[in-house]
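Sequence annotations record features per position, and here TrEMBL assigns transmembrane segment to B:12-29, B:35-56, B:68-89, B:95-118, B:125-143, B:163-182, B:212-229, B:249-274, B:286-305.
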Amino acid sequence: MDWLLQQLINGLALGSIYALIALGYTMVYGVLRFINFAHADVLMLGAYAAYFVAPAVSSVVPLPSLTGAILVSLISVIICAGIGILIEFLAYRPLRKRPRLTVLITAIGVSLFIEFTCQHSAVFGADTKPFPKLLPEHDFHLGKLVVSSNDLVVVVTTLLLLAGLWFIVQRTKMGTAMRAVSHNQQAAALMGININRIISFTFGLGSALAAIAGILYAMKAPGIDPLMGVQPGLRAFIAAVLGGIGNLPGAALGGLILGLLETFAGGISGLSNYRDGIAFGILILILLFKPAGLLGKATVEKV
Amino acid sequence: MSSSPAFLNGAKRWLLVGIVLAAVVSMFSGQFNRYHLGVIVDIGINIILAVSLNLINGHTGQFSLGHAGFMAVGGYTAAKISLVVSPMLPPALQPLLFLGALIAGGLLAALAGFGVGVPSLRLKGDYLAIVTLGFGEIIRVIVQNMEAVGAASGLKGIPKYTTLGWTFGLAAVTIYFVTSLVNSTYGRGFIAVSDDEVAASSMGINPVRYKVTAFVTGAFFAGIAGGLYAHHKQFLSPTGFDFLKSIDIVVMVILGGMGRTAGVVVAAILLTLLPEVLRQFSEYRMIIYSLLIIILMMARPQGLFTWNRKKGAA
């Protein structure tokens, strides 16, 4: 029982991070109908931005502290949002009218480009770097359960961001425009919506979420390296498809399922080596029965 | 080529040219330096991979990101068979064993292709791409944990059976088989499915059957290529069959122009040579490669070799 609860807690924390990343995949899919493979690398850049910003911030605000962590995250979010918008502007916008397959391959190219450039010794180098401590850490013991402060931070941050995202998408003019673009781009343009601005905004928003996910992931991971985004990116990408790509609640749900699945499979010896295989296997099974994902199509809430 | 004799027409010409060339060049292969020979064999293997993927991605219009998975199935199967059987056989029978191992690998890969083809009944576009990507990853994870094939540390000491003649002979067979399949009356269905599935099915073509056939055939030849690769490098490791390998093959198909066999062959040759040419800039090699993908997609998404655009002509 304790074991189950412990895995549940770990799984929730991991799943929250996956959910944040999956939201970025799904939002971009909503407006542009392609899978932005470079999203996982924006996550890595978010962690690196924090890595480089942290020393500068710590000269103003002492680290680890809450204000310091928020400041570092904010700067990293702004950097990543800029990078996301730039990627869209340089690589995807010229291909707007092209077949989606072309854009998909370009996205893979962009992803490889970022990964290999960052691995170059003149950029970040391929080695693992220790991630600075942004928040004071503490383990809470509830009976036999151990809840680390990092896990709590991850879950609370995710909940706040989800609420914020829901507000932006459902209650602001920008969000309404996003939904309109995802519903029907041409009609939205005829209604006077500036499509390019909305798409840039969507990329910025998705990349901002990726930056925070990157920082949260780096806080739990032993260190950061230029390929750190690949594994969580892949899981989140499965999560987004699992939930029904283009569907926001679906992405969050898919992320949680994947996180729980991974921790439970990882907790059972013998299964842990097959984690990735199991995740893909379940995805394929679900797609066989529900080709549009768990929450796809039926609930028309694409963004 | 209406003036050439009937036996030199169409795809048969390729088969003839390929096999003769392979046999002739193979006789001189002793004179090549080992490095050049290795690169040339790599080219042949990549031609088989690209032409077989072209059947799935180009002619049939599906999108598979898991070709390296099929290659892994074929490679590991063939390698395991020859590792187990070769000590028991006299040297004279070794080529026979090699052929048997290659075919066994191809058949098992074809079976895997059938397994992937079935989900494609219900899935399209991105979703299919993801399922095939997932399939490739599943194969890799299984191989990585299978002690019988060396798990993560890889399979070593595979006998060196792959020669120039084998590679290019089989490449010619692949090209011949795929082109004549697509150019046959039956094979027009592949192109019909890729052009418009609904229209095709209303004309009495069963898209499901064509898609599964494409996956099974493509996977078979990818498995053969895997077997050749295994007996060429004499070492297999699961990391050699990752996502990046699948992308490599996809890029060859796109560069060559989806569905144009001649273009795809040229692209396979160019893209195999490119990393060798860039070897002295090894630090920048992959950066240049990824930039090339992006530039290619922006400048010529229809492929570099799009002469004589005639829909359906392979």
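Placement of Cβ uses the backbone N, Cα and C atoms for every residue, glycine included.
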### Folded-back contacts onto the transmembrane segment (B:249-274), same chain, C-beta under 8 angstroms, at least six residues removed
39, 42-43, 46-47, 49-51, 53-54, 57-59, 61, 64-65, 67-68, 175, 178-179, 191, 194, 289, 292-293, 296-297, 301-306, 314
### Message
Can you tell me which parts of the same chain pack against the transmembrane segment (B:12-29), counting only residues 6+ beyond its ends and a CB-CB cutoff under 8 A?
### Response
1, 4, 37, 163-165, 167-169, 171-173, 175-176, 179-180
### Message
If I count Cβ-Cβ pairs under 8 A between the transmembrane segment (B:95-118) and each of B:68-89, B:125-143, B:163-182, B:212-229, B:286-305, which range comes out on top?
### Response
B:212-229
### Task
For the transmembrane segment (B:212-229) and the transmembrane segment (B:125-143), check the count of CB pairs under 8 Å (sequence separation 6 or more) and say whether it reaches 3 or more.
no
### Message
Ranking B:35-56, B:68-89, B:163-182 by the number of C-beta pairs under 8 Å to the transmembrane segment (B:125-143), which range is first?
### Response
B:68-89
### Task
Grab the same-chain neighbours of the transmembrane segment (B:35-56) for me: Cβ-Cβ under 8 Å, and only residues 6 or more beyond its ends, written as numbers and ranges.
29, 62, 64, 67, 71, 162-164, 167-168, 170-171, 174-175, 178, 181-182, 190, 214-215, 217-222, 224-225, 228-229, 232, 248-250, 252-253, 256, 258-261, 264-265, 267-269, 271-273, 276
